[in-house]
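Beneath this line is the structure, given in C-alpha cells, with notes to follow.
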Amino acid sequence: MNTGGRLIAGSHNRNEFVLINADDTARIRSAEELSGQTCKICRDEIELTDNGEPFIACNECAFPTCRPCYEYERREGNQACPQCGTRYKRIKGSPRVEGDEEDDDIDDLEHEFYGMDPEHVTEAALYYMRLNTGRGTDEVSHLYSASPGSEVPLLTYCDEDSDMYSDRHALIVPPSTGLGNRVHHVPFTDSFASIHTRPMVPQKDLTVYGYGSVAWKDRMEVWKKQQIEKLQVVKNERVNDGDGDGFIVDELDDPGLPMMDEGRQPLSRKLPIRSSRINPYRMLIFCRLAILGLFFHYRILHPVNDAFGLWLTSVICEIWFAVSWILDQFPKWYPIERETYLDRLSLRYEKEGKPSELAPVDVFVSTVDPLKEPPLITANTVLSILAVDYPVEKVACYVSDDGAAMLTFEALSYTAEFARKWVPFCKKFSIEPRAPEWYFSQKMDYLKHKVDPAFVMERRAMKRDYEEFKVKINALVSVSQKVPEDGWTMQDGTPWPGNNVRDHPGMIQVFLGHSGVCDMDGNELPRLVYVSREKRPGFDHHKKAGAMNSLIRVSAVLSNAPYLLNVDCDHYINNSKAIREAMCFMMDPQSGKKICYVQFPQRFDGIDRHDRYSNRNVVFFDINMKGLDGIQGPIYVGTGCVFRRQALYGFDAPKKKQPPGRTCNCWPKWCCLCCGMRKKKTGKVKDNQRKKPKETSKQIHALEHIEEGLQVTNAENNSETAQLKLEKKFGQSPVLVASTLLLNGGVPSNVNPASLLRESIQVISCGYEEKTEWGKEIGWIYGSVTEDILTGFKMHCHGWRSVYCMPKRAAFKGSAPINLSDRLHQVLRWALGSVEIFLSRHCPIWYGYGGGLKWLERFSYINSVVYPWTSLPLLVYCSLPAICLLTGKFIVPEISNYAGILFLLMFMSIAVTGILEMQWGKIGIDDWWRNEQFWVIGGVSSHLFALFQGLLKVLAGVSTNFTVTSKAADDGEFSELYIFKWTSLLIPPTTLLIINIVGVIVGVSDAINNGYDSWGPLFGRLFFALWVIVHLYPFLKGLLGKQDRVPTIILVWSILLASILTLLWVRVNPFVSKDGPVLEICGLDCLK
C-alpha cells in the first residue's frame, strides 16, 4: 500500500492505526530547521507574518507561541500568556473572541470570525488537556469529513484489504496538511458520520522510536534520548554569514532551548512535606482545637466549690497555655524543605576559561573576651573561612575584637602565618571539615576516598605543623595571664592602643589579601582584616550589634561585597561549600531578588550523648524553622546567616511588577465581581503610587542620573538634596555613601589603599553613628540584647523573605554550654532580649502593620517575644500538685465518664501531635522529650528571672550586665558537664522539685492512714505531681553531679525547705481523724 515511506502500526483492541515516519531524512531535524524559533507549547515552528517577521503572541514578554496555540488559548483557555499572564490582544489574521475590545483598530474583517484549522486545534487541545487534567476531549474535538482522494488501504492482520474505501478507513490523513509527521487517529465510522481526530504527542519526534509495531514503552527514556540528540545537534550547528564563513553558536544563547541547558535551570527548588505526613498533622490540629473547646467548656462549667481559688488559678493557667500553643502551632502549618543544585551554579557563573562571576562575600567573625572565648577556637573558625571552597578573590574575612585584646591580635598574626600552609592542603585534598582542630580530632577513617599516595605523608606533616601552631597559641594565652602594670607594648616598643578596654582608638590591620602575601604554592589568599572599633567613656556602644554595624561600614569601604556572612567565633565552617549553598538562593535570577538572608541551622560539637539540657535544640531548628520557611522565611538566630547588604541598609524589597491588562481572576467567569471597576481601581492605585514614591528610590535614582551624566532640570539641586539625605542616613563618609548605591558591590580599582584605611578608621569612630539611622533602620537594630530577632523582624517588615537552607552536611558547627549553669544563663539572655522587644516600640503585636509582614510570620514573632511571660503561669501550675496533695483539695471535681473521656482525648491529641511532628520533622523521640523537659526547666528559672530583669531595666532603668557564654577548650570529653556552679537561677526549680516530692509523700501517707472515699482524686493528684517531677528530672540529675553527691549549698536549701514543709505538715496533721471521734477524749474504749 502507498504510505509514503511511513510505517503503519495498529492495535486490534483499540481499532485504530498509527502512521509513523520511518525514512532516514526525517530521523533527525536538520540544523537549518532547528535554527528557527519553535513554539514552546506544541514545538512547531512559528510562522512568519506578512511583513516577514516571526509571529509574536505576547507583546510584553514575547513568549514563543505559534498562531494555532495562540488562537486556541484565546478561545478555550484563560486568554492570557502562559509566562507573564498578560491578556492576549487580537492580532491581525486571528478571529475575535469574547472580551476583545470593539475598537482595536485592526482592519481585518475577512479573518475576524473565521474558524481555526482543525489540525492545529487538535494539537493545542491535546497539550492543554495534559496541563489541565479533567477537561474532556469534547471541548477540543472538531468535525470535518474525509477527502475522497486520500485512499489508504486498510491493514488488517498484516494483509492489505483493498475492498474497503477511504471513507471506511480507520486511519485518514487529510491531504490539506502536507505534513508527514502529523498523525490523526480516527475510530472506525461510516461515510456519512463526522470523524473525530486526535494527533500523537505534538512535541515528540516519532523517529526516535525506531522501526516496529510497538509504540514507546518508557516515555522518560525516550524523552531523555530526544533531548540529548537535540542538544548535540545544536552544539554542532554552524551558522554561515554572507561570505560563507561560519562560527559556532553558543547553545546557551539559543532561544529555542532555554530549559534544556542545565545552566539555565533554577538553582534550587522547594520540596513540600509529603501529603501523607502533613495532612494528618493538619487534621489533628483542628481536632485538637475542637477538643480544647470542649475541654474549656467542661472546665468553666464545672467549678470546684470547696477549692474555688485553686480551680480558678488552674483555669487561667490552662487558657494561657492554650493561647501559647496556638501561637506556636500555626506557623508550622506549611513546612517545606529545600534542595540546591551546586552544579548548576557552577555552570551558570563559572564558565571554563573565563573569570568567575560568583558574587563576592564578606565574612564577619565577632569576639569579645579571649579568656571566655579561647583564641584557639577563634583561630580555627578563621582558618575554616580562609579555606572555604569559593574563589579567593571573592572572600574577605573581618574579625571584630570588641575587647581590643592584644592576645587576639597576636593570635590572628599566627593564624595568618599558618593559613599559608593549611589552605593549600585543604584545597589539594578536599578535606572536611577545614577547621584543623576538629579535622584531626574526628574519629573516622581519614584515608577513605583518598587516592593520592602523598596524602598520608603530607597529612602527618600538616598535623605536626598544627601542633606547633597550638603550642604558640597556648604560649600566648599563658603569657597573657600576667598583665604588666604599664600594659602591653608592641614589637617596636609603642604601647598597645587597647590597654584600656573602655577607652582606646579604633584599630584596623590587614593581615592577608592584596598585600602580596601568598600561600606556599604561590596562590593568592583571601583577605583577613582585624578590626577593633573606637571606644570612649560616655558613648553607648550597643554591645554586639554596635560591633557588627562597625564591620558593615568597614567592609563597605574596603571590599563592599554585596553579600555578608555572619558567624560567631566558635562556629566554624563544617561544609566548605556552605557559601555556594547560600548563593544558590541569593543568585537565582528568578527568586533571589527578594531574599534578604539565608539562615543555616545551628549544629554543635561536644554535647553529651543524651543531651540532657537540650543544647541541640533540634525541635526548633528541624520543625519550627521548616514551618516558617513555608511562610515568609525563618527568623535570624544570630550566626550562620548570609545577608544581602542592601537589605541590611534598610531598603524595601523589590516589588513585583504587575503586567498591565491582566485578565480577571474571578472564577468562574460568569460570576465576575469586578463589574468594570477593576481598571478604575488600578488607575487610582497607580496614581497614589505616583504621588507617594519611596524615598529611597528617589535618592538612588537621583544619584544614578548624576553618575550617568544625564542633563535634567534642576539636576544640581536634586543631587545636593539626595546627597544630604543619604549622609543623614548613613553618616558623613562620602566613600560609604557612594558604596551604598552599588547594587553589585565592589570598590574603584584606582583608589589608594591608604586612603581607604583612613576612611575605615573614620567609620568605626565612636561618634560616627550620632544623628544617623544606624541601629534604628540600618544594620543590626539596637534596643535588645537579642539583636538577631529584631534585625530579622525589621527586614521582614520591609517585604523581604528569608530562606532556610539545610544541606546534608551541616554548614556550620559550634560549641554549646553543656554545663547546667552556663546553659541557664544562655537561655536567660535570650529571654531577656525577648522581654525587651516586647516592651519596646518594635513589639510585633503592634509594629509593622501595612508593610510586607505576613500574618503567620507575625504569629511566630509574637510567640518569640511572649514566651518568657509563660513562666508565671508555668511556675504557678507546677506548684499546684504539691498544694493539692498537702491540702487534700484538687483543681477538678469528681471525674465523670464524660470528663474522663475528655481528659483522655486531650492527652492523646498532645501525644499524637508530637508523634506526627517527629515524623515529618525527622527527629527522634529523645530530642522531642528533652525539649519538653527543658521547656519546663527554663520556664521556671531563666524565663522567670528574665521577666523580672526586663521589667526592672525598661521600667526602672536598672541595667543588667551582658554575660558572654564561655566556650571551653578541649580539656576532656564532657569535662564541663559535671561542674557545679551555683547561681540564683537554680532556686525556683529546686524548690518546685522538693515540694512536689514531699507532696507525694504526704499524699500517700494521708491516704494510707485516713483512706479516701474515692481513689480517683488521689491518682489524679499523684499523676499531676509526677508530671512535674519527671519534667524536672534532668535538673535533679544535674544537681547531683558526676559523683551522685548533693552539693553543700543544695543540702542547705533542702534543709531549709524541709523545715518549712514540716511546719505545713504539722498544720495539716494527716494522722488526726477529721470526721470521726477525737482519740484523746474517747480513749481505748473506742477500739472495742
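Cβ from N, Cα, C; glycine included.
Swiss-Prot has this to say about the protein:
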BINDING   Cys58, Cys61, Cys81, Cys84  Zn(2+) 2 binding site
CARBOHYD  Asn961  N-linked glycosylation site
TOPO_DOM  1-283  topological domain 'Cytoplasmic'
TOPO_DOM  328-871  topological domain 'Cytoplasmic'
TOPO_DOM  893-897  topological domain 'Extracellular'
TOPO_DOM  919-933  topological domain 'Cytoplasmic'
TOPO_DOM  955-983  topological domain 'Extracellular'
TOPO_DOM  1005-1015  topological domain 'Cytoplasmic'
TOPO_DOM  1037-1045  topological domain 'Extracellular'
TOPO_DOM  1067-1088  topological domain 'Cytoplasmic'
TRANSMEM  284-304  transmembrane segment
TRANSMEM  307-327  transmembrane segment
TRANSMEM  872-892  transmembrane segment
TRANSMEM  898-918  transmembrane segment
TRANSMEM  934-954  transmembrane segment
TRANSMEM  984-1004  transmembrane segment
TRANSMEM  1016-1036  transmembrane segment
TRANSMEM  1046-1066  transmembrane segment
If you count CB pairs under 8 A between the transmembrane segment (307-327) and each of 872-892, 898-918, 934-954, 1016-1036, the winner is 872-892
Among 872-892, 898-918, 934-954, 984-1004, 1016-1036, the most Cβ pairs under 8 Å with the transmembrane segment (284-304) come from 898-918
Under 8 Å Cβ-Cβ from the transmembrane segment (872-892), and at least six residues away from its ends along the same chain, one finds 299, 302, 304, 306-307, 310-311, 313-314, 316-318, 320-321, 899, 936, 939-940, 943-944, 947, 988, 992, 995-996, 998-1000, 1002-1003, 1006, 1017, 1020-1022, 1024-1025, 1027-1028, 1064-1065, 1068
Near the topological domain 'Cytoplasmic' (919-933) in space but 6 or more residues beyond its ends, with Cβ under 8 Å, are 273-274, 277-278, 281, 335, 610-614, 616-620, 622-623, 626, 1030-1034
Here the mean pLDDT of the topological domain 'Extracellular' (893-897) is 83
According to DSSP, Cys58 (Zn(2+) 2 binding site) sits in coil
For Cys84 (Zn(2+) 2 binding site), the three-state DSSP class is coil
Given the binding-site residues Cys81, Cys84, the candidate whose Cβ has the fewest other Cβ atoms within 10 Å is Cys84
Here the binding-site residues are Cys58, Cys61; the one whose Cβ sees the most other Cβ atoms within 10 Å is Cys58
